[in-house]
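Quick look at what TrEMBL annotates:
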REGION    1-43  region 'Disordered'
COMPBIAS  11-29  compositional bias 'Low complexity'
TRANSMEM  50-77  transmembrane segment
DOMAIN    52-525  domain 'Major facilitator superfamily (MFS) profile'
TRANSMEM  89-106  transmembrane segment
TRANSMEM  118-136  transmembrane segment
TRANSMEM  148-168  transmembrane segment
TRANSMEM  180-201  transmembrane segment
TRANSMEM  207-227  transmembrane segment
TRANSMEM  247-264  transmembrane segment
TRANSMEM  276-297  transmembrane segment
TRANSMEM  318-338  transmembrane segment
TRANSMEM  358-377  transmembrane segment
TRANSMEM  384-403  transmembrane segment
TRANSMEM  501-521  transmembrane segment
Amino acid sequence: MDQPAEKTTDAVAGGHSAGAVNNNNGNVAPAQDEADSQSTPPKLSRSQSIALVAAVSGAGFLNTFSSQAAVITLPTISRDLNIPPGRQQLVISVYGLAFGCFLLLWGRVADVFNKRMIFVVGSVWVTLSTAVTAFAPNEGAFHAFRALQGIGAAANVPTAIGVLGTTFARGKARIYAFSFYSAATPLGSVLGNLLSGFIASYTSWKWVFGVLAILAACVTIAGYFTIPPQKSSRNSTDARLLDRLDLLGAILSTTGLGSLLYVLSTGNQAGWATPWVPVVIVVAVALIIGFIVWETHLEARNNCPPLLRVSLFRTRDFSASMAVMCMLFASFNGFLVYTTIFYQDYQQLSALQTTLRFIPTGVVGVVMAISIAPLLSRISTVPVLLAGSLSTSISSLLFAVPIPTDTSYFKYGLWAMILATLGADSTTPCLYSIVSHAVSDEYQAVAGAMLNVSMQLGRVLGLAIATATQTAVTAKARHAHVGGDTSVLPWDESSLKGLRAANWLNFSFGIASLVIIITVFSRSAKPARNNV
């Protein structure tokens, strides 16, 4: 991954260069502070480049590993800590809530202050909070420690993307960097499923978090020694740097996103008609609208850099990438959740037996990590995006159509696992590269944060809608009230109808991402290679 001078290529949607904002008329305006933020990427040897990419990719790997570990260990954690069924969802969701609502804030802090420092601080934070989680004495402590893990991950994940965007020059080197980083994210989810299942089957769930803490410590050390020191920016006194941090925007975005993600995560369980649910939705929407208005105001004043440049969403490829990421991971995450429910609850397989069925996703993830970068350096991103979104869609479709449930796993389950991972691992690096090219160096970490916010929103929103669909269809099939018992029962026809309905919805999310790609990227892409 040496970085020779390479010919600059156009972004997928419209050919604007990094640091420019492309409006709807195709005019290109320079981004604010670009002269202050753009810098020549550091010269790294091949071995230094590989070590750097491996280190920062650990952030995305740990994030999804941690999320999936909570899913697999949920039954034993709930039993050991006496967590009632009504609050068991928090074991899974509290990490994602903290992660999602702090992404923008940490991303901007990394861009304003020092990416290397924020990555290391975030990784240390993850290491310590993960280690103490293994010693949580009760439910409250466990949730608090998991929330702290999410806040730490919100620091190092967008910063990792910012490090790659500012370290590697646009072209082949950056394609390889983002490809390997993107492959690590779904690979963490898959290996989190596999390793957590094996560990939890033979020892305590506490060891899952112990192993995760050790991995986080390794990422911390690797990041400290491999990320190049960042040159101090102009006027880099503490006071000047704090002036460039939009504190009101940070408060509005954090509270708005946190409220929205919380109500989407708990709405099905609490009941959408429960009085406090619509109130929280209205408050969350009001806070987000207030954030958008405030950021637009700051951008127009031009005297304090906003947390997020709202004008970036007028850039077609930037806004389309956010929408594709949201829809794609609504489909991919829904597939992982509902295949797990299908095998564990409907077919009554053990956690270990279910884990074994996910092994192909890990194998495919490794293969994609090796092959996707050379592929993207040779062909246009459009066919990769199209094939990836279609693959993810088909994986859910295979569990939605009425295939007999006693059909061998190798006839359709295996292929669904392969297609799901192919889709996620091929589409994600394209989106990271497209978005990285759309913003200046000063907003690289924020751009990474926005993609992760879109991913997290897709996961939460998609799962909320899919769960509501599944319970409604199951209740109808049982001639019961929606608020009644809609749990998945072994080999129950009503349960199967609900699971298939949820997978039809997951399929539709994937198709929505495909439509966006066809509508936006296919029309504007140039036939030349290296479009990313």
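Placement of Cβ uses the backbone N, Cα and C atoms for every residue, glycine included.
The recorded stretches the transmembrane segment (501-521) and the transmembrane segment (180-201) do not share 3+ CB pairs below 8 A when only pairs 6 or more apart in sequence are counted, and are therefore not in contact. Counted over residue pairs separated by six or more positions, the transmembrane segment (148-168) shares fewer than 3 Cβ pairs under 8 angstroms with the transmembrane segment (318-338), which leaves the two as not touching. Between the transmembrane segment (180-201) and the stretches 50-77, 89-106, 118-136, 358-377, 384-403, the greatest number of Cβ pairs separated by less than 8 Å involves 50-77. Outside the transmembrane segment (118-136) by six or more residues, the chain places 56, 59, 62, 66, 81, 106, 109-110, 142, 145-146, 148-149, 151-157, 159-160, 163, 206-207, 209-210, 212-213, 216-217, 219-220, 223-224, 227, 445 with a CB less than 8 A from a CB of the stretch. The average pLDDT the prediction assigns to the domain 'Major facilitator superfamily (MFS) profile' (52-525) is 88.
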